[in-house]
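Engineer: Before I ask anything, let me first share the structure, which is written out below as structure tokens.
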Amino acid sequence: MPPAPPPQQPKNRSRVPTPTGENRRPQRRMESRNASERAAFFARREAAAVLRRVLRGDATRRAAGSIKSLVYSPTVRNKRATFALVCQTLKYLPILKEVLASSEILSSKWKKQEELVYVTTYDILFGQGIAVSGSVEQLIMLQKDSLRTTLDKVCARKRVRCVEDLLSNKSAVKPKPRFLRVNTLKVTTESVIEELNKMHMVDKDEMVPDMLVLPPGTDLHNHPLVTDGKVFLQGRASCMVAVALCPKPGWKVIDACAAPGNKTVHLAALMNGEGSIIACELNKERAKTLQHTVRRSGANNIRIVNGDFLEVDRNDPSYAEVHAILLDPSCSGSGISTERLDYLLPSHSRDSQDDAGTSSRVMKLSAFQKKALSHALSFPSVERVVYSTCSIHQAENEDVINSVLPLATSLGFELATPFPQWHRRGLPVFQGSEHLLRTDPEDGLEGFFIALFVRKAGPTSEEPSEDATVEVRTKQVRGRRNGVRAFSSLRLSRMILW
Ligand code: SAM
């Protein structure tokens with residue numbers, strides 16, 4: 001039987017990954033194929049492209065993004081099917097590798113399309129069972145019986161009754177509500193509630209202003225409110241950081257480690273677009289993502305600086321009037337590893353043994369975090385500094401704060417209490433840790449950490465209340481904008497280093 005050509009490409013598809021060795025002219029008319037087979041053909045290719053980036057990132061420890069962020073990027077069309085295929089293929093990956101090793105498939109030219117082979121083998125052996133079009137599909141279908149025989153032998157050798165018993169018992173994500181933040185630079189919270197109420201159950205969050213809560217599983221990635229930047233799909237704990245900083249409209253604020261920019265644009269909204277924000281980001285690619293986020297938000301008071309925050313000269317006159325700094329530095333991400341589906345990655349079991357909060361990676365991160373926080377506290381006019389991580393490790397949280405306390409005290413700072421009504425505070429490892437804030441998966445949130453420094457004795461007289469939530473709420477009522485602000489395009493400038 002000659003191999004069937006791939007199905008016709010859907011209209012408007014700008015770029016579909018076309019693996020080498022396959023028919024590169026998908027526009028060729030094909031025989032009648034039903035829509036679901038066509039969708040499955042393309043979903044397998046989209047999943048293979050995402051899987052390639054995930055596995056490469058995991059192997060080199062330079063992830064291009066989480067599984068979710070890669071699947072939900074604008075280039076992936078069939079997001080739901082692609083996400084399911086990537087997750088399932090990763091779950092079955094050790095078994096797929098073992099079964100495929102018994103065949104010659106991956107020691108031949110097909111090695112170049114390794115990820116598509118994994119996805120397709122998963123789909124044929126454990127998924128929909130049959131795949132008609134595409135040369136990789138043809139290949140796996142031809143070998144289906146022998147692959148199944150190998151699978152039975154593997155089960156017998158490992159003394160398990162079925163394949164599911166071979167899957168490791170890695171934890172799955174507990175469904176959490178879908179949180180979203182209304183971008184008050186573009187719309188009012190009430191108008192978003194009215195719009196979403198047509199289709200979903202919507203509640204206002206009790207603690208974070210302009211935060212809405214929808215039922216778990218609500219998929220809004222392609223909703224016009226999201227694509228137009230009127231709402232941001234941002235976790236509750238992540239939104240508590242900018243609220244804790246409580247920047248005033250008109251202030252000059254630095255977001256020290258800014259990309260992808262969720263907190264930067266939240267700051268802009270809290271400042272009603274007044275004043276200025278310098279968003280510093282070291283990584284060039286991530287600085288582009290930051291630029292995209294800023295553009296989507298409609299904020300026009302954000303200047304992006306692509307450079308190292310540690311190299312920003314605090315004595316430079318342009319930083320002399322910086323009132324507040326938000327420092328959300330690179331961290332281990334141990335508080336959101338379940339959300340990121342890290343447990344599906346091949347490196348996970350290795351990590352869980354050696355990444356328990358004292359690994360050399362965490363220690364390196366902790367050293368950087370201490371340096372960056374000391375630097376932030378040393379800006380001459382800064383009155384408020386918020387430090388946050390999405391880590392649960394003491395080394396990246398309480399230990400960082402404790403280590404800078406002598407410097408902070410000598411500069412006139414004290415630890416303040418963000419969200420005093422929140423029950424979970426810092427680990428009791430030094431006096432004053434009760435000011436710190438932790439969130440935990442037990443609270444139905446990601447694992448986050450927030451510390452707030454406020455300068456009591458300093459050059460400025462006006463000090464915001466320590467209860468950031470109360471103050472921000474008042475401000476939102478007074479200063480909410482209804483209009484859409486035009487975005488004046490920001491130039492991605494190279495930072496001048498000294
Ligand atoms: N605050 C961001 C948000 O909510 O969207 C997330 C920030 S992420 C945790 C940390 C960022 O800091 C990364 O994009 C990383 O590239 C950047 N970064 C790391 N070291 C840096 C440095 N020395 N200067 C500036 N940015 C840095």
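Note that Cβ sites are derived from N, Cα and C of the backbone, with glycine treated the same way.
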Engineer: In TrEMBL, the S-adenosyl-L-methionine site includes CYS257, ALA258, ALA259, PRO260, GLY261, ASN262, LYS263, GLU281, ASP328. Which of ASP219, ASP228, ASP308 does it also list there?
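Structural biologist: TrEMBL names ASP308 for this S-adenosyl-L-methionine site.
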Engineer: Pop the Cα-Cα gap between CYS390 (active site, nucleophile) and GLY261 (S-adenosyl-L-methionine binding site) into the table, whole Å please.
Structural biologist: 15
Engineer: If one looks at the chain holding CYS390 (active site, nucleophile), which residues at least 6 apart in sequence have a CB under 8 angstroms from its CB?
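Structural biologist: ALA237, SER238, CYS331, GLY333, SER334, GLY335, ILE336, GLU446, GLY447, PHE448, PHE449 - these are the non-local Cβ neighbours of CYS390 (active site, nucleophile), listed in sequence order.
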Engineer: Enumerate in sequence order the recorded positions GLY261, ASP308, CYS390 whose Cβ-atom distance to ligand 1 is under 6 angstroms.
Structural biologist: GLY261, ASP308
Engineer: Neighbour count first, Cβ atoms within 10 Å, every protein chain included; then name which of GLY261, ASP308 tops the list of binding-site residues.
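Structural biologist: Ranked by Cβ atoms within 10 Å, first place goes to GLY261.
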Engineer: So the record assigns CYS257, ALA258, ALA259, PRO260, GLY261, ASN262, LYS263, GLU281, ASP308, ASP328 to S-adenosyl-L-methionine. If I measure every Cα pair among those residues, what is the longest distance in angstrom, as a whole number?
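Structural biologist: Those residues reach a largest Cα separation of 19 Å.
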Engineer: Using Cβ-Cβ distances, find the residues under 8 Å from CYS257 (S-adenosyl-L-methionine binding site) that belong to the same chain and are at least 6 apart in sequence, listing them in sequence order.
Structural biologist: CYS280, GLU281, LEU282, PHE309, LEU327, ASP328, PRO329, SER330, ALA372
Engineer: DSSP secondary structure for CYS257 (S-adenosyl-L-methionine binding site), reduced to helix/strand/coil, please.
Structural biologist: coil
